[in-house]
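Working notes, beginning with the structure itself.
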Amino acid sequence: MTSTHLPATLLLLGSGELGKEVAIAAQRLGCRVVAVDRYANAPAMQVADTAVVIPMTDAEALKQVIREHQPALVIPEIEALAVDALAELEAEGITVIPTARATAITMNRDRIRDLAAGELGLRTARFGYASSAEELSSAAEPLGWPVVVKPVMSSSGKGQSVATNPEELQQAWTAATQGARGSASLVIVEEFLRFEQEITLLTVRQKDGPTLFCPPIGHIQERGDYQCSWQPAELQQSQLLEAQRMARQVTDALGGAGIFGVEFFIASGEVIFSELSPRPHDTGLVTLRGQNLSEFELHLRAVLGLPIPSITSTGAAASRVVLAGADQQGGPVHYRGVAEALAVPESELLLFGKPEARPMRRMGVALASGSSLAEARGRADTAAQAVALEIGG
């Protein structure tokens, strides 16, 4: 087995709540963590050995900080990055997780969709692309109504909307272009799937060893952003095997080591590929409660070349996010109801430590276990609903 010599220096590009859990898992293995993001006091910076603030889309700033710290591994945790700089650094011998190419492909919905549907032939929703409002109208018409319109470059549901008729396409075009990351004006338009489930299949590619899969995670999204998740999701065996086949195929095409969050729809009993993130997934926060090894521990073991003897479910588990209110903005942030949340049996609460609130921003998550998925989900919901934010003071 090819493993990274420990202790190693790991550099996180992105320091949000998922990066924070990666940093904690890394430090438990004796690693030194450098947390980089565009704003100070980001969640992972609060536990890292070193914190650096730079414009994340500035290629020169990104190259400078990586060359300065000479990490054993560069671990991207967000999508808004100067990916061309990562390719240049990789050519210099810096290891990017999973690879610079995979990072570049998956930050663009058109590139990952072209790979999955075009090159690999995976089943996806019917879709088209448009670079103007006029092209959007032409691309949407054959798909039927409603349609989903998204920027090809965005995250957390930014710029995503549903158009129920041709008259709403101009508004959808405006929302997509305004919500896009950078100056990209290309949008993807998809048929609206009436699905039974949305699932995440966390897929682990090892340096040496077979691809492994976590128990499937069910989740619900609103405004294109994760609201709750539960594990294990209830799938037919044939559906699980098909999801695993598709996940293995697309992650093999991307290459590299680490955990991949592969999202699927289950619609009319069929498994349909949706999206992919080459890193721990927000819906996978539930693995802190539902598995013997969390997605963050698995990611670290995979990228460091350490063994993963097994991935097993520890029972029914669920998560529910704690959101800022629709009118809450700024900081400092204070929390009420924490004691009430922690009084819920078999529950825990993670408050991410984000320095400022924004409307509907994810500020924490409640996790819970139970004798059934219904009990676990009910407990997570109760704990999350007990928490309220106060701004200022």
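Each Cβ is built from the backbone N, Cα and C atoms, and glycine gets one as well.
Residues annotated as N(1)-(5-phospho-beta-D-ribosyl)glycinamide binding site in Swiss-Prot, with sequence analysis given as evidence: E17, L18, E77, D282, K354, R361, R362. Of all the Cβ atoms in the protein chains shown, 26 others lie within 10 Å of the Cβ of E77 (N(1)-(5-phospho-beta-D-ribosyl)glycinamide binding site).
DSSP classifies E190 (ATP binding site) as strand under the three-state reduction. A 10 Å cutoff on Cβ-Cβ distances gives E190 (ATP binding site) a total of 20 other Cβ atoms nearby, all chains included. The ATP binding site annotation in Swiss-Prot covers R109, K150, S155, S156, G157, K158, G159, Q160, E190, E191, F192, L193, E198.
Per-residue pLDDT, averaged across the domain 'ATP-grasp' (114-304), gives 95. Residues or ranges marked as domain 'ATP-grasp' in Swiss-Prot: 114-304.
Residues annotated as Mg(2+) binding site in Swiss-Prot: E263, E275. A C-beta separation below 8 Å, combined with a sequence spacing of at least six in one chain, links E263 (Mg(2+) binding site) to E198, I199, T200, L201, F273, S274, E275, L276, H281. The DSSP secondary structure for E263 (Mg(2+) binding site) is strand.
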Excluding its own, the Cβ atoms lying within 10 Å of the Cβ of G159 (ATP binding site) add up to 23
For R362 (N(1)-(5-phospho-beta-D-ribosyl)glycinamide binding site), the closest of the binding-site residues by C-alpha position, picking from R109, S155, F192, is S155
Under a three-state DSSP reduction, the secondary structure at R361 (N(1)-(5-phospho-beta-D-ribosyl)glycinamide binding site) is coil
Keeping only the binding-site residues of R109, S155, G159, E190, F192 whose C-alpha lies within 10 A of that of E17 (N(1)-(5-phospho-beta-D-ribosyl)glycinamide binding site) yields none
Rounded to a whole number of Å, the separation of the Cα atoms of K354 (N(1)-(5-phospho-beta-D-ribosyl)glycinamide binding site) and S155 (ATP binding site) comes to 18
Cα-Cα, R109 (ATP binding site) versus R361 (N(1)-(5-phospho-beta-D-ribosyl)glycinamide binding site), nearest Å, comes out at 23
